[in-house]
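S.K.: From TrEMBL, here are the annotated features:
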- 32-50: transmembrane segment (TRANSMEM)
- 98-123: transmembrane segment (TRANSMEM)
- 135-154: transmembrane segment (TRANSMEM)
- 161-181: transmembrane segment (TRANSMEM)
- 193-213: transmembrane segment (TRANSMEM)
- 225-241: transmembrane segment (TRANSMEM)
- 253-278: transmembrane segment (TRANSMEM)
């Protein structure tokens with residue numbers, strides 16, 4: 001949806017740029033009003049049509065619902081449970097995952113928030129006109145769609161979520177390095193634009209990070225805490241990002257780009273650490289089963305019990 005929104009949004013921005021300056025409604029006002037009205041109607045539609053659980057979806061038969069429940073048995077994350085468990089709040093706070101997910105959000109949304117807010121200014125400084133700049137933002141949507149679909153395909157094929165996230169960051173880091181190291185000259189604008197586009201390969205992390213939460217956090221209360229904190233840090237990153245772009249740094253915005261580069265490099269380290277943690281815990285639990293300290297639940301008899309992942313020796317992390 002983000003890719004489609006990017007394409008349609010920039011097309012609307014280009015269309016509204018033709019609104020006369022003498023019009024009672026300015027072009028930016030018409031743009032935001034269109035977004036706002038569409039969002040309200042879409043929200044009402046989702047509220048009444050979208051079920052909050054597969055068990056409440058009218059489009060599935062009872063047999064299909066049973067199959068969907070059985071599908072999540074093996075990953076031991078359970079199904080919807082409305083019982084609030086206080087102890088799982090403390091489990092979440094003591095779980096290293098929550099801090100890794102927070103850092104992933106900060107390190108992805110800070111660059112996205114900054115570049116997103118200053119995208120037109122940045123691209124225009126490459127040497128493009130205002131109208132060209134608006135139209136040149138549309139291919140970003142194609143990049144987003146391509147990156148996210150490719151990363152999902154690769155994840156399903158190779159079963160290496162974190163490694164795919166790390167690989168997806170490499171073009172991003174290369175793109176930022178080009179923008180930092182190369183002067184913004186008109187004769188280099190095509191190369192700069194390509195470097196700008198490949199920065200969005202970082203969207204590999206955005207989608208796959210959410211899949212890690214859904215697969216690696218068990219216990220409904222704990223999962224709620226992790227998801228809520230995830231969105232808090234998502235907002236924090238988006239709020240901080242634009243503040244890194246200072247007027248006195250225009251048009252190169254070297255400081256902002258250096259901070260963005262630092263975020264992506266640090267994110268690679270976070271992902272390496274998180275994967276190492278998952279491998280270590282899985283091997284430790286496998287050893288407990290092999291020694292007989294823990295009985296192997298081969299039939300997944302306890303898969304639907306509302307147990308936090310860090311308190312369940314049968315749980316294995318996906319990485």
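For all residues, glycine too, the Cβ spot is worked out from N, Cα and C.
Where the annotation comes from TrEMBL, it is an automatic prediction and has not been curated.
Just tell me what is around each of these and how deep it sits.
M.R.: Here the transmembrane segment (32-50) has Cβ contacts under 8 Å with residues 9, 12, 16, 25 of the same chain, all six or more residues outside its ends.
Long-range contacts of the transmembrane segment (135-154) within the same chain: residues 2-8, 10-11, 13-14, 119-120, 123, 128, 160, 164-165, 168, 193, 197-198, 200-201, 203-204, 206-208, each at least 6 residues beyond the stretch ends and with a Cβ under 8 Å from a Cβ of the stretch.
Beyond the transmembrane segment (225-241), the same-chain residues lying 6 or more positions past its ends with a Cβ under 8 Å from any Cβ of the stretch are 88-89, 92-93, 95, 97-98, 101-102, 105-117, 213, 217.
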S.K.: What else in the chain is close to the transmembrane segment (193-213), if you only count residues 6 or more beyond its ends and a Cβ gap under 8 Å?
M.R.: 2, 101, 104-105, 108, 111-112, 115, 122-123, 126, 128, 136, 139-140, 143-144, 147-148, 151-152, 155, 161-162, 164-165, 167-172, 174-176, 178-179, 182, 223, 226-227, 230, 264, 267, 271, 318-319
S.K.: Taking residues 6+ outside the transmembrane segment (253-278), which of them lie with a CB under 8 Å of any CB in it?
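M.R.: For the transmembrane segment (253-278), the list is 96-97, 100, 103-104, 106-108, 110-111, 114-115, 118, 122, 162-163, 165-166, 169, 172-173, 176-177, 179-180, 202, 205, 216, 244-246, 317-319.
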S.K.: For the transmembrane segment (98-123), could you work out the same-chain residues 6 or more beyond its ends whose Cβ comes under 8 Å from its Cβ atoms?
M.R.: 92, 130, 133-134, 136-137, 140, 193, 196, 199, 202, 205-206, 209, 212-213, 225-226, 229-230, 233-245, 250-251, 253, 256, 259-260, 263-264, 266-267, 270-271, 273-274, 277
